[in-house]
Amino acid sequence: MEPSAFRHSVRVPRLYKVASHIYEDHINGKGTIKNLIHNTKRHPNIGALLSLVTECVAKRDEITELLKKSKLFEEEPRFNKNLASILITELIWGKGKLPATSRPLEIMLKRQKQLKALSKELCFSQKSQNSFYSHELYLNGSIILQDKASTLPIQALNVKEGSIVMDACAAPGNKTTQIANEERIQILDQTLERAGIHKSLVKVCNIDFTTLNPDDFPDVEYIVLDPSCSSSGILSDVTIGNRLSKLSAFQFKMLEHALKFPNVSKISYSTCSVHKIENEEVIEAIVKKHPHFKVQHVLKKWPTRGLNEYPHGDKFVRATFETDLCSGFFVAILKRIKMKKMNRKED
């Protein structure tokens, strides 16, 4: 067998192959990078995977432009797009080198000078010198990285100290239907431990939220509900189809169940979606069907509000990258109307 033929049959290093699969799943809305890595179990070097895929996602626009200008796919039409993105990330923003052990890597190495020259021509913001995802403080749990928008629900809920709060979609991952998974619960426990939260303050229920009997939780005063959504506020090319209507129906079901908890006074509802069918339309349908809850006007100083085509539009909170420099997000707070006030309205 000739050496060139042998090299063609050599497999791509597992790190890059697994990273390309995780990258593909993430941009297709199948989960967060961390949870996809924890669930895959296909490579032992979690730190390297996290750093590589995170950087690839961060540089996605630049990579798309590089691939276009380099004409890689015109000359190599069989080259996997996601693998190409990972290899470019490693060459330009990672180690700066690749082992010439397989055909795809050889192709990239031959184009290294071209790709680096093209990257210097692109007008993108300068790369930060701090890679927090690979920082020791992040890896050991001393700090938690969160988009600013994801902190809005708790700020809006304004929980009183000493209250009982239920986080209805707390299991790691954005697929609530998979919440009853022992492995995910273990990851959640580890996250709480790293954050220094004492176990006496948190009780983890390994169960589907919609199967809970609300009467078994009379002490719950607040509910945080962040159900599965299209992730359209994070991802730029989410495949929609008829998925939105199914998600909206699921979100309505989750929120309606939250209303049944007998002593819950306030519920935060949030999504990382930009679509009104998952946001304003869910809330408007809920308050129309359940008049004992109202939409509370919260975070009044936050500039970006809900869509004004809806009755409660100005009471909702939205976030966009263009106006708020954070991911696309939606927050609504539902507050229970006390019985006396209800009777006055009826009179």
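Glycine too: its Cβ is placed from the backbone N, Cα and C atoms.
Model, not experiment: these values are computed from the prediction.
Annotated features in TrEMBL:
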type	residues	note
ACT_SITE	Cys272	active site, nucleophile
BINDING	Cys169, Ala170, Ala171, Pro172, Gly173, Asn174, Lys175, Asp189, Asp226	S-adenosyl-L-methionine binding site
DOMAIN	79-337	domain 'SAM-dependent MTase RsmB/NOP-type'
For this session: Quick one: of Cys169, Cys272, which of the recorded positions has the smallest count of other CB atoms within 10 A?
Result: Cys169
Seminar exercise, completed: Cβ proximity for Asp226 (S-adenosyl-L-methionine binding site), under 8 A, sequence spacing 6+, ordered by residue number, returns Pro153, Ala168, Cys169, Ser268, Tyr269, Ser270, Thr271
